[in-house]
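Before any comments, here is the structure.
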Amino acid sequence: MPNGSPVFIAFRSSTKKNVQYDDVPDYKDRLSLSENYTLSIKNARISDEKRFVCMLVTEDDVSEEPTIVKVFKQPSQPEILHQADFLETEKLQMLGECVARESYPAGNVTWYKNGKVLQPVEEVVVINLQKIVDKSTGLFTMTSSLQYMPTKEDANAKFSCIVTYYGPSGQKTIQSEPVVFDVHYPTEKVTIQVLSQSSTIKEGDNITLKCSGNGNPPPQEFLFYIPGETEGIRSSDTYVMTDVRRNATGEYKCSLTDKSMMDSTTITVHYLDLQLTPSGEVTKQIGEALPVSCTISSSRNATVFWIKDNTRMQTSPSFSSLQYQDAGNYICETTLQEVEGLKKRKTLKLIVEGKPQIKMTKKTNTNKMSKTIVCHVEGFPKPAVQWTVTGSGSIINKTEETKYVNGKFSSKIVIAPEENVTLTCIAENQLERTVTSLNVSAISIPEYDEPEDRNDDNSEKVNDQAKLIVGIVVGLLLAALVAGVVYWLYVKKSNDAKGKSEKAAAQNFPSLPRQEKHYFFSLLVLWFV
C-alpha cells in the first residue's frame with residue numbers, strides 16, 4: 001500500500017476450486033488468479049508499480065517470493081507549439097516549445113536542425129526542459145523551449161524535436177514533424193535588370209526595369225535613376241518606360257530608398273533612319289539625268305540593298321541618261337541584322353516619259369506577192385498608232401502590234417500595192433504627235449528592201465564601217481593635194497630652168513612636146529584623185 005503496509009489481494013486453495021479476492025479498492029474487479037496461480041491485473045495503472053509477493057502456505061511451512069512490477073506509458077508524438085511567426089538574424093528569440101504528453105516514466109527532449117542535434121550555446125542556443133506530472137494519473141508532460149539566434153543560412157532550415165522514453169524493451173524515441181521558419185535578414189546587395197522579350201532594344205519598344213534586393217523580406221520600394229535626371233524616381237520594384245527613343249540610351253541605376261547599395265546597367269536603344277532622295281513618284285524625260293541617293297543613319301552597321309520590281313539588284317541605281325527600261329518601282333531597304341524587327345524601306349516610283357519616235361522599214365516578202373511595212377515606235381506613255389494612205393487619206397485598220405516593252409513596240413501591216421503609194425505612220429501620246437511617211441513601190445517594181453530593224457550591235461558595226469570609209473576618203477584627198485603641190489612646184493621649176501628642164505624632158509619624153517607633158521601630168525593627178 002502507499003503507506004508501506006502489506007495487504008492480501010487474492011487467495012486460491014489447491015483443494016478448493018474457488019478464488020477469494022480481498023476487498024482492496026485499487027484492485028476491485030481488476031484481478032484474476034488462474035489455476036496455475038498466475039495473477040493478472042487488468043487496466044494497468046501507474047499506481048500498479050509496486051512490490052507483489054506470492055506466498056505459498058503448506059501444513060509444514062510458509063514460503064514467499066516477491067517481484068517488482070514496472071509500469072510504462074509511451075508518450076504522445078511531440079509537437080512544436082507556440083511557433084515564432086518569423087526569425088530575425090542577430091536576434092535571440094523564442095523559436096517554439098516541444099511538448100510530449102502522458103509519458104511514464106518521464107522522458108527527455110532533444111532539438112534538431114536539419115537532422116543534427118542542437119547543442120546549447122550561450123546567447124545563441126538556449127534550451128529549457130520542464131517535466132510536469134499529472135497527480136491524478138501520475139503521467140508526465142515534457143515541455144522543452146528553444147531560444148535561437150538564426151543566421152541568413154537558416155533560411156529553409158528544418159527544425160524538429162525528439163522525445164526519448166523507456167519501455168519494457170528499453171529506450172525508444174518519437175520524432176515531431178519538422179518545421180521551417182521564415183528567416184528575416186537585411187538587404188546586402190541591390191541588383192537592376194532589364195526585362196525584355198528580346199536581347200536587343202529598338203526605338204518604339206517598351207522597357208521594364210526591375211530592381212531587387214537580396215534581403216528577406218525583399219525591399220518593396222526603390223529609387224530609379226534615369227539618364228538626364230538628377231533625382232531618383234521613387235517606385236516599386238519595377239519601372240516601365242514606353243515607346244522609347246534613341247535618347248533613352250545610357251546608364252540606369254537603382255538603389256534603396258535611403259540611397260544605399262546601388263546597382264547600374266547600360267541600355268542601348270537601337271535606331272535606323274533611311275532617307276531616299278528622291279522618293280515617291282517621280283516623272284522624268286528620257287535622256288535626263290537623275291541622281292538617286294539612299295542615306296542610312298543607324299546605331300550600328302546596317303545592311304542596305306535595292307529591289308526593282310520585286311527583283312533584288314546587284315548594285316545601286318544610277319541614271320546619267322534615263323532610258324525607258326529604267327522605269328519601275330525601286331525600293332531601298334535596310335536592316336540591322338543583330339536587332340530583331342528593325343527594318344526600314346522607302347520606295348521610288350520612276351516614270352520615264354518620252355515623245356513618240358518613229359522609224360519605218362519595208363521588206364518584200366519571200367513570195368514576192370506582198371510587202372511588209374513596219375512602224376517602229378518608242379515613247380511613254382504608250383503612243384497610239386494609226387496608219388493612213390497619203391493622198392486618199394484612207395485609214396488602214398488591219399495591223400499587228402508587238403508587245404510593249406521598255407517603251408518600245410512596233411506596228412506592222414502587209415500590203416500588195418498595184419501602184420506606188422505613200423504610207424504614213426502616226427504615233428501620238430500625251431506629250432506629242434509624230435508623223436512619218438514612207439514611199440512604197442508597186443509590187444511589180446523592184447526596189448531596195450530595207451531591214452526591219454537593227455540591233456545596237458549592228459548599229460555600232462555600221463558606224464565603225466562608216467568611220468573607216470570617211471578616214472580612207474580623207475586620206476586620199478590629202479594624198480591628191482600633196483601630188484598637186486608637187487606638180488605645181490615641178491612646173492614652176494621647169495619655167496625657171498628651161499634649158500635643163502627641156503633637155504631633161506626631151507630625154508625622158510622625146511616624143512612629146514612640153515605642153516603635152518603638162519597635160520600628161522594633169523591626167524595623172526586626176527586619175528589618182
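Cβ atoms here come from the backbone N, Cα and C positions, even for glycine.
Pulled from TrEMBL:
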| type | residues | note |
| --- | --- | --- |
| DOMAIN | 66-175 | domain 'Ig-like' |
| DOMAIN | 186-268 | domain 'Ig-like' |
| DOMAIN | 287-349 | domain 'Ig-like' |
| DOMAIN | 356-436 | domain 'Ig-like' |
| TRANSMEM | 468-490 | transmembrane segment |
Inset, instruction - Tell me the residue counts in helix, strand and coil for the domain 'Ig-like' (66-175), as DSSP assigns them. - result: 3 helix, 64 strand, 43 coil
Inset, instruction - Pop the mean pLDDT for the domain 'Ig-like' (66-175) in here, whole number is fine. - result: 94
Inset, instruction - On the DSSP side of things, how many residues of the domain 'Ig-like' (287-349) fall into helix, strand and coil, could you say? - result: 3 helix, 31 strand, 29 coil
Inset, instruction - Could you put numbers on the helix, strand and coil content of the domain 'Ig-like' (356-436), residue by residue per DSSP? - result: 0 helix, 50 strand, 31 coil
